[in-house]
């Protein structure tokens, strides 16, 4: 159940109950809990990957543990827990996963990547502007013009605060611009 | 008396003009972000870490702590006014606080929350001051085996306090520990799990993982269904609670403070559990349980005191043992390390001014919150009218800048995106990220102490149970694990976490 420790944002309805667990009031539940099925499979796969990687490392002995010893134990534990979740998922009815923020992922996740790819080449100013602009389109409510204005204002603010105010060692305009 | 001379030193440090200023900035920024939904204290502190790099260590930690309880405070404001808890520990406050606001008593609800929090903050600050030195003395006797067992206790309690499936929480801890091991093996120098990317040789950046798993995942979750928020009250009036209100809140505040102080010490998110536990207790002891959910004063006063007390006492394991009780404390450890301070029992001895200064600043910060925020409530309410779609490009930009400024490593930014995806996936798969993050922080420490203990005992694994402190700690861990798996407790645990409306 998704009970977050931090940053609970807008709660979809007016009860904490909704915040604490996805209410199972949706009718089309199947015999298999698909959420847990996927969860179990992913955990087992992740465990397998880590176990394989640890095995490539030197395992060592209990007295002098090698780099692979502890991670190997952990991977086995992860696979075990994944398997338990997998088995459990086949016995109970599940709740559907709900809407997925495809548009959000499409525009939010690339923002830090774009910043990372361009901050050293283009420099801090253009880089932060482009990243903010891309992130702005994650919401369908954002109009192109307001996105431009917001990104420009945000860039100006960030440059003033982080670059001039706090003196963080960012190059404002990078070598790619030939300035 | 030692306690008073220590506290005097602390207040002398915290009350310097500079530190007062940074404490103020901290609580204001914290409240600001706490009020804005969609970003929690972890992501906030991660974002604002770079601001504190240039400061003195004391000032920087004072400001970060200020952000922490400021955010807690701001979270309750939104919980009461728009039924949207800015922090999950204020989720319980929304139950009755919002109902009070709907009855036109928003001002009183806010004041009750503030006064309850302040009282709890005062008491728990003293508790930190009283219990930190003896715990430090015990911690200095700790060897590798004890540290290992202590971290096991921490991880197990984070499982117990996690919401939902226990097996999933166990899996999250294992995954977190594994992710914490990414980087270079400390004994042999062998690279591990870094996909051959040498930029990850020092391990994954904690700030990047925290921002991704908590910040980005939260933004994505909010983008699933965009709704317009309506602020209940343009004008909040009648701040002063009546005499009758005061009479009704004394008991809940006292009980909430006691519950919060105890649960806050437990690793793994004590403040949230404290709020829930307090609500349940108040409902049980109340003469009018039917009022709960319809604007009961005890339903606001108790949980608010409890979560603030819990937030405060969660500094105890951090300051005395160097073990984080929750992700925010883990970030504080990161901040300490960046400032060149090794967290652990030695901090109190080597840097008494820093240690006691932080403790004293907690009380000063709480006082500032009461004095400043009640008059400023109108401003915070205005902030709530900022549409969400304007906020998240700003959040994304600040997160990117914050993460990049830690090490100037662009690969940390790629981790942010990757862990944002992972975090969102975990939300969708109903896995709780908190145990993962705790595991991530403790992973390297756990392995190091395990290996050291095994070498010291010449490969004899019984060292963990033949040393009394270690054995005691492992016993506690086993007990907690057995208890959460007991069918009756399991059922109760679910009830606590999904308290009916």
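Quick reminder: no glycine exception, Cβ is built from N, Cα and C everywhere.
Small disclaimer: the values here were computed from a predicted structure and weren't measured.
Look at TrEMBL and you will find B:20-438 tagged as domain 'DUF112'. The average pLDDT computed over the domain 'DUF112' (B:20-438) stands at 80.
The feature transmembrane segment is assigned by TrEMBL to B:108-132 (among others). Below 8 angstroms of C-beta separation, residues 3, 6-7, 10, 69, 72-73, 76-77, 80-81, 93, 96-97, 100-101, 236, 238-242, 245, 249, 252-253, 256-257, 260-261, 264, 297, 300-302, 304-309, 312-313, 315-316, 319-320, 348, 355-356, 359-360, 362-363, 366-367, 369-370, 373-374, 377 of the same chain, each at least six residues beyond the ends of the transmembrane segment (B:108-132), sit close to that stretch.
Annotation source TrEMBL lists transmembrane segment at B:144-162 (among others).
The feature transmembrane segment is assigned by TrEMBL to B:169-188 (among others).
Annotation source TrEMBL lists transmembrane segment at B:200-220 (among others).
Annotated transmembrane segment per TrEMBL: B:253-279 (among others), in sequence order.
According to TrEMBL, the feature transmembrane segment maps to B:315-342 (among others).
Within its own chain, the transmembrane segment (B:354-380) is flanked in space by residues 6-7, 9-11, 13-15, 19-20, 23-24, 26-28, 31-32, 35, 57-58, 61-62, 65-66, 69-70, 73-74, 77, 110-111, 114-115, 117-118, 121-122, 125, 128-129, 132, 235-236, 239, 308, 312, 315, 319, 341, 347-348, which lie at least six positions past its ends and keep a Cβ under 8 Å from the stretch. Sequence annotations record features per position, and here TrEMBL assigns transmembrane segment to B:354-380 (among others).
The transmembrane segment feature in TrEMBL is assigned to B:386-404 (among others).
Long-range neighbours of the transmembrane segment (B:411-427) within the same chain, counting only residues 6 or more positions beyond its ends whose Cβ lies under 8 Å from a Cβ of the stretch, are 172, 197, 199-200, 204-205, 207-209, 211-218, 220-221, 399-400, 403-404, 433, 436. The transmembrane segment annotation in TrEMBL covers B:411-427 (among others).
Feature annotation from TrEMBL assigns transmembrane segment to B:471-489 (among others).
Highest Cβ pair count under 8 Å relative to the transmembrane segment (B:144-162), across stretches B:169-188, B:200-220, B:315-342, B:471-489: B:471-489. Here the listed stretches are B:200-220, B:315-342, B:471-489, and the one with the most C-beta pairs under 8 angstroms to the transmembrane segment (B:169-188) is B:200-220. Long-range contacts of the transmembrane segment (B:200-220) within its own chain (CB-CB distance under 8 A, at least 6 residues past either end) are made by residues 38-40, 42-43, 46-47, 49, 179-184, 191, 194, 327, 330-331, 334, 392, 395-396, 399, 402-403, 406-407, 409, 411-413, 415-424, 426-427, 433, 436-437, 440-441, 444.
When Cβ-Cβ distances below 8 Å are used as the criterion, the transmembrane segment (B:315-342) is approached by residues 41-42, 45-46, 49, 52-53, 57, 60-61, 64-65, 68, 127-128, 131-132, 135-136, 139, 142, 150-151, 154, 206-207, 210, 214, 264-271, 348, 351, 354-355, 358-359, 362, 406, 434, 437-438, 441-442 of the same chain, each at least six residues removed from its ends.
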